[in-house]
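Q: First the structure, then my questions, so here it is.
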Amino acid sequence: MSKQIEFNETARRAMEAGVDKLADAVKVTLGPRGRHVVLAKSFGGPQVTNDGVTIAREIDLEDPYENLGAQLVKSVATKTNDVAGDGTTTATVLAQALVRAGLRNVAAGANPIALGSGISKAADAVSEALLASATPVDDKKAIAQVATVSSRDEQVGELVGEAMTKVGHDGVVTVEESSTLETYLEVTEGVGFDKGFLSAYFVTDFDSQEAVLEDALVLLHRDKISSLPDLLPLLEKVAEAGKPLLIVAEDVEGEALSTLVVNAIRKTLKAVAVKAPFFGDRRKAFLDDLAIVTGGQVVNPDVGLLLREVGLEVLGSARRVVVNKDSTVIVDGGGTAEAIADRVKQIKSEIETTDSDWDREKLQERLAKLAGGVAVIKVGAATETDLKKRKEAVEDAVAAAKAAVEEGIVTGGGAALVQARSAVEKLRGELSGDEALGVDVFASALSAPLYWIATNAGLDGSVVVNKVSELPKGQGFNAATLEFGDLVSAGVVDPAKVTRSAVLNAASVARMILTTETAVVDKPADEDEHGHGHHHGHAH
């Protein structure tokens, strides 16, 4: 396909126009008095949202050069969302301000490389200053405040605070759609995993389509179970004990599965077979976790434990097991608190030593399952459109709360960024030339989020920025009440991680755009065809 090429200022200006279009669409949502954006969907009704990354993802511009700029700023929003789960609008507004001021300086003759270097150094200095000034978060009230600011909804803030408090810092908080109008919290104490029963005949509660086992024994097997002679001796012992049985194995098939099904239909033995989740080493590790939670052993021929020879002593136990077609939850396993604490310690040390992000994430999931249980926030609303919007807000609030627990909180309302200028001024004294100019560009951009929070609240942004820059740390402009004062005690706080991610990602993308000298895009198809039609045999 033929390409079009633009150079120098023309390329940068076109990209800036794209940055502006995307950022202008996103920044109207900033702050407690920000507005909504309506997105047309190719199927279903329109989506109403005030989430920066959701809006950014929908935007593709017609002009290919402008679209390059828009896509680069979109990456700021998505990267910030991936790292911190919130703060996407702040990141977009910062990037726009940096690009605008930076390009002005480049057009006036500044060296873009030195300018970009100054911006990066300033971003690092502000990031460190934010971390240093962050207040740790450990109580329910502070978590609820962060979640309330993120979702603009006190009820959501309370629910997220309660969920995080109940499952602990290592627990899992998920968000699901509720079938009612109510938004409420469900906490599952215990270990859950995403594998359901192997046969619908195991269902004991036909209304909810679940198999519920009370006071159950748990058999954990590393390999497949298919031979009936291997399984039968143990089944007979379990039947004598008169307790229901949960079997978790690589797979249960053939005679073994059909025998369990027949027993379930005849109600002679209540048993449920479930596949162990994951593959390879992760599955082995997870089965070992389950053994510790239930107080049992994993039946494994490699260590001399054969299924046909073992008795009830290798089985774990649980007060309650609930299995549906997609998931299994083991509540109140029979394992000792000491054994579980040791296992948690072991997984934490593995998390610290692993180099792979993927491994770290999976280890954290295992840790959460062991340590805290699972909290589910069920979101309800009157209409489908409202439900989507609320669910998004709750997901952002959960992400913000987790980020706050990780790195602490800073003053909200854009005040922390305006007041972080002192860190930038210190740095400016150490630099000279265009690098120092880059620091100035960054310092001026730091007021952009506060400017737009104030503007969206109907005030003069510049006046508010000047006033906040004179206030002591911890104070700022509360756009919800339109008053200046102590933001921390008023609960207007942001997670340090969210604000830091916004600063670093915005600086990174602004630097890329400032140092761009050439833009190459595909030639529009109709021009191509037009060209081919009239110039047969000519090279393009």
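Every residue gets a Cβ built from N, Cα and C, even glycine.
As annotated by Swiss-Prot, ATP binding site applies to Thr29, Leu30, Gly31, Pro32, Asp86, Gly87, Thr88, Thr89, Thr90, Gly413, Asn478, Ala479, Ala480, Asp494. Residues annotated as region 'Disordered' in Swiss-Prot: 521-540.
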Q: Across all chains shown, how many C-beta atoms besides its own are within 10 angstroms of the C-beta of Gly31 (ATP binding site)?
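A: Result for Gly31 (ATP binding site): 26 neighbouring Cβ atoms inside 10 Å.
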Q: Rank the binding-site residues Thr29, Thr90 by the number of other Cβ atoms within 10 Å of each Cβ, and give the residue at the low end.
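A: Counting other Cβ atoms within 10 Å of each of the binding-site residues Thr29, Thr90 gives the minimum at Thr29.
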Q: Could you list the residues of the same chain, at least six apart in sequence, whose Cβ is under 8 A from the Cβ of Ala480 (ATP binding site)?
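A: The list for Ala480 (ATP binding site) reads Pro32, Arg33, Val492, given in order along the sequence.
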Q: Restricting to the same chain and to sequence separations of six or more, state which residues have a Cβ under 8 Å from that of Asn478 (ATP binding site).
A: Gly413, Phe484, Gly485, Leu487, Ala490, Val492
Q: When DSSP states are folded down to helix, strand and coil, where does Thr90 (ATP binding site) land?
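A: The three-state answer is helix.
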Q: Have a look around Asp86 (ATP binding site) and count the other CB atoms within 10 A of its CB, chains all included.
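A: For Asp86 (ATP binding site), the count of other Cβ atoms within 10 Å is 35.
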Q: Looking only at Thr29, Leu30, Gly31, Pro32, Asp86, Gly87, Thr88, Thr89, Thr90, Gly413, Asn478, Ala479, Ala480, Asp494, the residues listed as binding ATP, what is the longest Cα to Cα distance in Å?
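A: Taking every pair of listed residues, the largest Cα separation comes to 20 Å.
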Q: Counting across all protein chains shown, how many other Cβ atoms sit within 10 Å of the Cβ of Thr88 (ATP binding site)?
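A: Around Thr88 (ATP binding site), other Cβ atoms within 10 Å: 31.
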